[in-house]
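Record features, source Swiss-Prot:
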- HIS66, HIS98: heme b binding site (BINDING)
- 1-147: domain 'Globin' (DOMAIN)
Amino acid sequence: GLSAEQKTALKDSWKILAANGETMVKNSAAMFGLLFEKYPDTKKHFKTFDGDHFAAMKATGMGKAHGMSVFSGLGALVSSVDDGECVLGLAKKLSRNHTARGVTANDFKLMRSIFGEFLDKATGGKATESMKSAWDALLGVLIENHQ
């Protein structure tokens, strides 16, 4: 499970990442933008959006809705970090939803690999090493439970 320090770091970082709805939409678009910049092949999972770029995530209702949905899911994980069974249940639900869309554990690993850089950008350089390692651990739980 996650340590007390990791749980606190997740909660503290979430206050920055998801301060309000506008911030959540902006940060989710930035997160996916970085993923697609580093790993263009991951765009194949998003047939709703233009295959060449992901500006549509910020510009369209569908894009904003997906970003908000992803960040709401992350928020549920952060809100549940003190309940290990709930975190595992959420991880398994997320896995089922993504497996149905052809998203693999390797795709989750790619997201995990860019998350520290995303945190730096989204927090304006205020992400601590504790925050980065806590998110890495939480994303590790998602990967371990991806079937």
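Here the Cβ of each residue, glycine as well, is placed from N, Cα and C on the backbone.
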Averaged pLDDT, computed only over the residues in the domain 'Globin' (1-147): 89
Neighbour count (Cβ, 10 Å) for HIS66 (heme b binding site): 19
DSSP helix/strand/coil residue counts for the domain 'Globin' (1-147): 112 helix, 0 strand, 35 coil
